[in-house]
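Asker: Would you mind keeping the following structure in view while I ask a few things?
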Ligand SMILES: Nc1ncnc2c1ncn2[C@@H]1O[C@H](COP(=O)(O)OP(=O)(O)O)[C@@H](O)[C@H]1O
Ligand SMILES: [Mg+2]
């Protein structure tokens, strides 16, 4: 592919006091690509997503979306430019119903819809993620997977140029996992550009075009899934880690 | 614009209540009108305050500053400009101050905001006192108009209605939806693209403008205005107490607190003029401790419990 990357991360760094959670990490994501961001717990994956989405500001380095710098912008500016995300610990809006939760993504984000348009999109997306008929269900009482579906629908509602999924498949039982994987697979075939932080190796093998491996804040490998996962440094990073 | 039948019903009920309230001066021109002006003043102030503090949960103690600026806008220029223009100036001045305060503090957590607004109100009062001593010879300003208590009452009623209509319009707007999302989860709000600081500042400005207008409407009532009365911090505290007593989840919640509390305060200040502060302090503690969600909160809780029991009974019967 010759197209310019949608996202390019150039020597991004994040320090928390003395701890360097993300250290000099660089990678690109191409249009329509599904990139897996993997690594042991505490290796800085969530922090990396936080730098991209603007939840945190990098202490050094640049991040550009579609060739324009976004590093240092506030989260709402980055969201309006087309970056959407889900959270590692699922975050739904408990006082709103499912429809309202998804509309929140449609109304303020990259595509700013309002009224009926936003409502219709919300219903389409609820159906899309498997929540048809639950538009007015109280979300606090939803099952875990339904809350995750809801969060995904909210993230999709802005029609993002880049979608960030932070362990979206974690905590699902085997049958739910199958549903989850095929849902993400559909998104990929629709041509969405996605960065997926994941521990579920099955999902990484089936879904990812490429992956970036982090360990202790540093990028230790990058490339096709099969070759990276067999890389000796990657194996060493994962050895002794329960999630491997 | 498409209204639901529920909205139309509430609108009609509100209009009926307002129309009824408007007839009050026809029945009494003395004590009852006077206390009704007080009630209407605090109705306007508390709903304007709740417009911002209800959805954001920020406690503002700057009410006296906005109110005083509104009063002074009229006092300073009553001999030079028409009264409606002064009301407009009052709104602008108060909204500007709210904008400045908001920009400086609404990124901070709630605790800082309370302290800052309290300090600000004091600062504005001291500045006005200082400026008056420096640039004029008098301590206060005379406001002579031909406005009567009835006029003031009707203007305050109109203002309260305007606050309600504004609150309703905001609720239907993007800003209202943004405030709902922010109230649920500020992190999510930012990540779906909401400029959370801006939303809060805009709301604070709208609220401040209405409080400034209430000050401008009240100015003719004082006849002689000076900083200790126009910027009286007691106004800020009373507004918080009454709004919390009524409950701030709904815009009409504070009204439930305003009516009884104003009447009780009137009796207390007549019978025990030296002990009003104690009563206010105790009331404040009692409200925060026993009914943190206000009377309307209590009612809603009771109703939710009752409904839960009804459905449980229904299920038992069905089973
Ligand atoms: N807000 C924060 N403040 C301080 N330290 C943090 C913060 N967020 C993450 N960290 C630290 O940064 C490191 C990387 O964390 P994280 O990015 O959550 O890892 P991962 O998602 O790969 O499990 C951890 O040591 C974590 O404790
Ligand atoms: Mg993580």
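We number each residue from 1, going along the chain as drawn.
Backbone N, Cα and C atoms are what each Cβ position is placed from, and that goes for glycine too.
Computed from a predicted structure; not experimentally measured.
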Asker: In TrEMBL, which of the ranges B:6-26, B:111-131 has the transmembrane segment annotation?
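Answerer: Matching range for transmembrane segment: B:111-131.
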Asker: Which one, B:59-78, B:230-248, B:278-299, has the most C-beta pairs under 8 Å toward the transmembrane segment (B:201-224)?
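Answerer: Looking at each of B:59-78, B:230-248, B:278-299 in turn, the most contacts to the transmembrane segment (B:201-224) are made by B:59-78.
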Asker: Between B:59-78, B:84-104, B:230-248, B:255-272, who has the most Cβ pairs under 8 Å to the transmembrane segment (B:31-52)?
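Answerer: Result: B:255-272.
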Asker: Who are the long-range neighbours of the transmembrane segment (B:255-272) in its own chain, taking Cβ under 8 Å and residues 6 or more past its ends?
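Answerer: Long-range Cβ neighbours of the transmembrane segment (B:255-272): 35, 38-39, 42-43, 46-47, 238, 241-247, 279-280, 283, 294-296.
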Asker: Take the transmembrane segment (B:111-131) and find every residue of the same chain, 6 or more past its ends, with a Cβ under 8 Å from one of its Cβ atoms.
Answerer: 58-65, 68-69, 72, 97, 101, 104-105, 227-228, 230-231, 233, 236
Asker: Against which stretches of its own chain does the transmembrane segment (B:59-78) lie, if we need a Cβ under 8 Å and a gap of at least six residues from its ends?
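Answerer: Answer is 45, 49, 52-53, 86-87, 89-91, 93-94, 97-98, 101, 110, 113-114, 117-118, 120-121, 124-125, 128, 140-145, 204, 207-208, 211-220, 222, 225, 227, 230-237, 239-240.
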